[in-house]
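What follows is a set of notes on a single structure, which appears directly below.
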Amino acid sequence: MAEGKKTDDYTIQMDSIDQGNKSFEAPPPPQPRSPPSGSLSNNPILPVLAYCGSSILMTVMNKYVLSGTDFNLNFFLLCIQSLVCIIAIQTCKSCGLITYRDFSADEARKWFPITLLLIGMIYTGSKALQFLSIPVYTIFKNLTIILIAYGEVLWFGGSVTGLTLFSFGLMVLSSIIAAWADIKHAVESNGDATAKVSTLNAGYIWMLVNCLCTSSYVLGMRKRIKLTNFKDFDTMFYNNLLSIPVLIVLSAFLEDWSSTNVNRNFPPMDRNSIVFAMILSGLSSVFISYTSAWCVRVTSSTTYSMVGALNKLPIAISGLIFFDAPVTFPSVSAIVVGFVSGIVYAVAKIKQNAKPRTGVLPTANPPVSASSQSMRDSLRS
């Protein structure tokens, strides 16, 4: 589309050539179109705030549902979220707000392995978030970036710059500090320290598996998307549509649907609020995709990268505000180091994009669609 625009701008109109002088003046270079000054939709502050708010909303709503007493219907939660997402984007398509291709059995067959990786990723992510606090979960999610980067090196011939490597070191350091702060607080706090440490260890194991699943999903999607040529909402449509039947089967056969367990997961006093949070968490994934595309359109991809890095801080702080996450010097230090690592990584990506494209990580080179990038950011958040 951009190439077509360039061609139109520099096309020579033969009837405008001065036949007497046998010469002509080249048309002036195209001027950037400034958005209408009075339009709220073109105010760069609004999409940035909307994107950050959507990311926080999704994480907080998921944590609220998963932090219930002995919640164990994770597959059902993910199924509801996928169903809500399909209804939402289909409604938006009917209203002309977004567009994506119609369902094709052949495309579904090609994409189904990616959907299975997605299910593994979101399930292990929900289990990790269930056992860990939001700040620790957010910090450890940064480790996925390292796995993806070196996966690109192994399978796509990429390379890692020195600044990127430095950001990786900060990510690992922040994760070590966060784990140490969590275990230290569990040992020193009142109650059964052994049980608390055991819960944290389970969370760390789920987090490790989630990082592996997430990197496999992102790398697999990068390779598979060449076969389907999916755009932003095509990916969202097929991911959620294909995951629904799988999640229904997994929930029906692997989860306890006895009346006792259902009442434990959905206490009568909190049932409506839990269901509302489940629906809202499903809508938030659509909000993230839409607001990230809005953010890139109104600002720039560079600004969007920095917003994604800065967004880690409010997400981590939301865990301190809305939930009983320990506020100690080590835990705050881990958040700060993780925040700085995100900024350094974003700066490294920006510098890579500014350099010639030889010898640079493929993840930084191709122009990534806004909602595809936002999907990666939401998985890290």
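Cβ atoms are placed via backbone N, Cα and C, with glycine included.
Feature annotations, courtesy of Swiss-Prot:
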- 26-35: compositional bias 'Pro residues' (COMPBIAS)
- 366-381: compositional bias 'Polar residues' (COMPBIAS)
- 19-41: region 'Disordered' (REGION)
- 358-381: region 'Disordered' (REGION)
- 1-44: topological domain 'Cytoplasmic' (TOPO_DOM)
- 66-70: topological domain 'Lumenal' (TOPO_DOM)
- 92-109: topological domain 'Cytoplasmic' (TOPO_DOM)
- 127-133: topological domain 'Lumenal' (TOPO_DOM)
- 151-159: topological domain 'Cytoplasmic' (TOPO_DOM)
- 182-199: topological domain 'Lumenal' (TOPO_DOM)
- 221-234: topological domain 'Cytoplasmic' (TOPO_DOM)
- 256-273: topological domain 'Lumenal' (TOPO_DOM)
- 295-302: topological domain 'Cytoplasmic' (TOPO_DOM)
- 348-381: topological domain 'Cytoplasmic' (TOPO_DOM)
- 45-65: transmembrane segment (TRANSMEM)
- 71-91: transmembrane segment (TRANSMEM)
- 110-126: transmembrane segment (TRANSMEM)
- 134-150: transmembrane segment (TRANSMEM)
- 160-181: transmembrane segment (TRANSMEM)
- 200-220: transmembrane segment (TRANSMEM)
- 235-255: transmembrane segment (TRANSMEM)
- 274-294: transmembrane segment (TRANSMEM)
- 303-323: transmembrane segment (TRANSMEM)
- 327-347: transmembrane segment (TRANSMEM)
State, in range form, which of 160-181, 200-220, 274-294 has the highest count of Cβ pairs under 8 Å to the transmembrane segment (134-150).
160-181
Quick one: do the transmembrane segment (71-91) and the transmembrane segment (327-347) have at least 3 Cβ pairs under 8 Å, skipping pairs fewer than 6 apart in sequence?
no
Structural state census, the topological domain 'Cytoplasmic' (221-234) (DSSP three-state):
11 helix, 0 strand, 3 coil
Name the range, of those listed as 110-126, 200-220, 235-255, 303-323, 327-347, that has the largest tally of Cβ pairs under 8 Å with the transmembrane segment (45-65).
303-323
Within the topological domain 'Lumenal' (127-133), how many residues are helix, strand or coil going by DSSP?
5 helix, 0 strand, 2 coil
Average pLDDT across the topological domain 'Lumenal' (127-133), rounded to a whole number:
90
Looking only at the recorded stretches 235-255, 303-323, 327-347, which one has the largest tally of CB-CB distances under 8 Å to the transmembrane segment (160-181)?
327-347
The topological domain 'Cytoplasmic' (92-109): DSSP-derived helix, strand, coil residue counts:
8 helix, 0 strand, 10 coil
